[in-house]
Amino acid sequence: MANVIVIGAQWGDEGKGKITDLLSRSADVVVRPQGGVNAGHTIVVQGQTFKLHLIPSGILYPETECIIGSGTVIDPKVLLEELGQLKSLNVATDNLFISQTAHITMPYHRLFDQASEQRRGEKKIGTTGRGIGPTYADKSERTGIRVVDLMNPDELQEKLEWTINYKNVILEKLYNLDPLDPKVVIEEYINYADQLRPYVIDSSLKIYEAIQERKNILFEGAQGTLLDLDHGTYPYVTSSNPIAGGACVGSGIGPTVIDRVIGVAKAYTTRVGEGPFPTELHGDIGQQLCDRGAEFGTTTGRRRRCGWFDAVIGRYAVRVNGLDCLAITKLDVLDELAEIKVCTAYELDGQTCHHFPSNASEFARCTPIYETLPGWQQSTENCRSLEDLPKEALDYLKFLAELMEVSIAIVSLGASRDQTIIVEDPIHGPKRALLDENGDPVTTHE
């Protein structure tokens with residue numbers, strides 16, 4: 001039995017969908033703990049591409065139960081569209097469950113998100129405009145609509161009549177937008193409720209029962225460590241906690257039941273939207289990474305900013321998540337490069353900096369300190385073991401593992417399931433050793 005968290009170790013879009021899909025074959029339950037339709041994951045199975053935002057990747061395994069947890073924010077319209085897409089492709093969805101305490105994204109959330117971002121002008125954050133931040137804001141202000149409210153038409157009508165009238169004042173007075181018609185919105189969401197009702201459960205209880213039955217549970221994180229509300233590049237972050245601790249909160253379980261945490265990182269670095277990005281490449285190499293890596297967002301279609309691998313933020317991800325091992329994705333994107341750079345530290349105001357600065361303005365002033373490695377300039381897409389890899393590619397992976405001080409358990413060389421090298425058992429492998437001041441293992445946290 002193992003309860004495993006899969007976490008993005010960069011700014012999201014690391015390939016968590018594929019890694020979760022791979023690991024789901026041995027999972028009894030897959031849980032999506034946080035985030036909303038701002039997160040997208042792409043899975044390719046036998047040449048067929050599935051693009052999902054809310055539904056866990058494990059849905060493609062008919063025997064795997066999939067849970068949308070209480071820490072998520074759900075846009076019912078998008079969720080029903082995903083369910084329809086899966087059903088049209090003959091993918092069973094009766095193994096999907098939705099937490100009754102997850103919050104609901106409403107039309108006014110989307111309007112607030114888009115209008116607020118527009119008013120920021122040059123100081124925009126770079127949100128997806130899908131209403132995620134305003135939904136989480138209402139959750140914190142205790143004025144949000146939850147799934148359990150959606151299931152009670154009378155209670156929903158009472159809450160929404162008051163809430164929409166209140167939100168209309170903001171729409172009209174602050175943003176100069178047309179008000180919403182409460183009757184139309186209520187009718188729309190009651191219709192959504194009728195369609196989603198069969199899926200709604202007490203998710204925390206179901207997860208607890210699965211733990212008691214010693215089932216294998218996989219927690220699928222959304223976004224990435226550097227987008228965490230508390231530990232990311234604030235204010236250029238998401239509105240939830242994509243780190244490992246957030247998976248426990250968003251699932252309704254305690255941290256002591258987690259056996260292992262797997263971090264997912266690209267062999268280079270990408271970022272969507274605004275915010276500091278020390279290793280960003282603006283020239284031909286950056287464009288080459290974008291083109292070869294098909295770096296366009298699943299949710300928005302926006303071009304992702306591309307740069308060299310940043311081991312400083314990588315080590316930070318290891319620290320704040322307690323990563324036990326790594327999955328490195330898109331190694332094949334680097335196949336054509338004559339040389340590859342890795343950021344090992346920053347220069348900040350004339351000083352060498354080995355740690356991620358919490359202040360965004362300081363982070364923006366960081367200049368990467370690089371170490372240059374030779375490229376391999378041959379295809380790795382058909383490699384299925386470490387022995388198949390060119391020596392330079394293997395050396396590159398070893399260098400990343402040394403810098404991150406954590407082992408690499410999985411190497412992904414393409415979008416398909418079979419384009420993968422399993423280096424060590426990512427689920428039942430050893431826990432990461434605690435190191436003394438000399439870098440030697442002193443104990444393990446069993």
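Note: Cβ is positioned from N, Cα and C throughout, glycine not excepted.
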Checklist outcome for this item: IMP site partner of Asp13, Glu14, Gly15, Lys16, Asn38, Ala39, Gly40, His41, Arg142, Gln223, Thr238, Arg302 according to Swiss-Prot, chosen from Thr49, Thr127, Thr128, is Thr128
Checklist outcome for this item: As a whole number of Å, the Cα atom of Leu413 (GTP binding site) is distant from the Cα atom of Gly301 (substrate binding site) by 22
Checklist outcome for this item: Leu331 (GTP binding site), DSSP three-state class -> helix
Checklist outcome for this item: Reading the DSSP string in three states, the entry for Thr42 (GTP binding site) is strand
Checklist entry - If you measure from the Cα of Gln223 (IMP binding site), which of the binding-site residues Gly12, Lys18, Gly40 is the nearest? => result Gly12
Checklist outcome for this item: In the three-state DSSP scheme, Gly12 (GTP binding site) belongs to coil
Checklist entry - About how far apart, in whole Å, are the alpha carbons (Cα) of Gly12 (GTP binding site) and Gly40 (Mg(2+) binding site)? => result 9
